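Database features (TrEMBL):
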type	residues	note
ACT_SITE	C353	active site, proton donor
BINDING	G247, E284, P285, G286, R287, Y381	pyridoxal 5'-phosphate binding site
BINDING	R287, R323, Y327, E354, Y381	substrate binding site
DOMAIN	51-290	domain 'Orn/DAP/Arg decarboxylase 2 N-terminal'
MOD_RES	K68	N6-(pyridoxal phosphate)lysine
Amino acid sequence: MSAPRLPGAPFVQYRGEELFVEDVRLADLAREHGTPLFVYSRNAMLAALGAYQRGFAGRKAKICYAMKANSSLAILQVFARAGCGFDIVSGGELERVLAAGARGEDIIFSGVGKSRREMRRALEVGIHCFNVESEAELEVLSEVAVDLGTRAPVSLRVNPDVNPLTHPYISTGLKGNKFGIAHKDALRAYQRAAALPGLRVVGIDCHIGSQITQVLPYLDAMDRILDLVTQIEEAGIPIEHIDFGGGLGIVYNDEQPPAADALWQRLFQRLDARGFGGRQLMIEPGRSLVGNAGLCVAEVLYLKPGEQKNFCIIDAAMNDLPRPAMYEAFHQIVPLARPTAQSQVYDVVGPVCESGDWIGRERSLAVQAGDLLAVLSAGAYCMSMASNYNTRGRAAEVLVDGAQVHVVREREDVADQLRKEHLLP
Ligand SMILES: *Cc1c(COP(=O)(O)O)cnc(C)c1O
């Protein structure tokens, strides 16, 4: 039987009849560490980063990993050691990434609702830039910086109003969306920023959405942003860097996103043609750096045949893998050992008491209770969105590097969950 190419290959692949991550047999990991278990390939992450680094070779560009995709300390450490910067969206993420070894100057701070306390802390550690999302936020940030006797470096996140051709819940660059400053208001906002005593304008930023699988939305956004840069600079406000955000999609099923280096080859053609090829650039990729570097191993608890549907109930649920419930997202689900028996069609669901707790619909599987499955492409927006719903402890995480295995997060137990709670007297 010829092996289908799995998302995550060659770092995730069958050897003989068994599924491996790098040189480690997943069944061994499940036996030793239990399930559900997130498994990440360090070399898959570095390969994903490498595609961007190739795309930017010889250019002035900084890659800032959007850490909300997966903020586990060891993941951050891999990227910090590889020379990445980081895009954060909260004060909690700031502390996390500092704990993982990042320096203030490698950090940019995005998000629509930064608090004064978060701003103050970010200024104290000397972050590279605040991506500001409203005129009201400009005023507050200026006040906080003046209080500290400093000036905050700012980029304005501009909403280029292009359609990223992705799921509505993960598109962010259209009018009528809470993110960014409207394109038509951007010049005025820059003039306001330049006049405020606590701010220093350093750049411009956009981020149009997520799981983008086409080049065109990026080219459209780029054109809109470059037009603005020209206008803003004509108004006497220099723009040191241009940040094109993140959003590049990955293969979950049969998508065909461009490779990061191919995407950037196309984008540099446009930048060069418009005379911006020598500018300092930034990007904020999240999903495309980690999504296919991780998977979640789960055990089949019960098979429940039904009149209309057969259910395959596994021990991972929407609290571990929230994307299907949140976005109707698709993850491939494959057995850890290639099956010999006949397959049947199942809805793969978790034990959580919600009809929304499904992981995959109408999947053809040859399984029995006790078998192990891998939910693929689970490196991004899974563990970082995991919850304790139904008082389920969050899963353990291991990082594989060749034949080496590092436990990077222990399984959460009930005592961990009850620790901050108090009974009434
Ligand atoms: C979420 C986010 C990203 C990363 O998006 P991906 O689709 O994971 O690449 C980048 N920038 C901002 C501002 C974000 O909110």
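Placed from the backbone N, Cα and C atoms, the Cβ positions cover glycine too.
Bear in mind that the values here come from a model prediction, so they are computed numbers and not experimental data.
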(request) Work out how many Å separate E354 (substrate binding site) and P285 (pyridoxal 5'-phosphate binding site) at their Cα atoms, rounded off. (result) 32
(message) Taking ligand 1 as the reference and 6 angstroms as the Cβ limit (strictly under), which binding-site residues among R323, E354, Y381 are close?
(response) none
(message) Name them in sequence order: residues not among G247, E284, P285, G286, R287, Y381 whose Cβ is within 8 Å of the mean position of the Cβ atoms defining the pyridoxal 5'-phosphate site.
(response) A66, A69, S210, G246, L248, S288, L289, A380
(message) Measuring Cα to Cα, how many Å separate Y327 (substrate binding site) from P285 (pyridoxal 5'-phosphate binding site)?
(response) 19
(request) Compute the average pLDDT of the predicted model within the domain 'Orn/DAP/Arg decarboxylase 2 N-terminal' (51-290). (result) 95
(message) Using the alpha carbons only, what distance in Å do you get between the residue listed as 'active site, proton donor' and R323 (substrate binding site) once rounded?
(response) 17
(request) Taking the Cβ of E284 (pyridoxal 5'-phosphate binding site) as the centre, count every other Cβ atom within 10 Å, in any protein chain shown. (result) 24
(request) Quick one: pull the CA-CA distance for R323 (substrate binding site) versus Y381 (pyridoxal 5'-phosphate binding site), whole Å only. (result) 7
(request) Taking only the Cα atoms, work out how far P285 (pyridoxal 5'-phosphate binding site) lies from the residue listed as 'N6-(pyridoxal phosphate)lysine', in Å, as a whole number. (result) 10
(message) Please report the distance from the Cα of R287 (pyridoxal 5'-phosphate binding site) to the Cα of the residue listed as 'N6-(pyridoxal phosphate)lysine', rounded to the nearest angstrom.
(response) 9
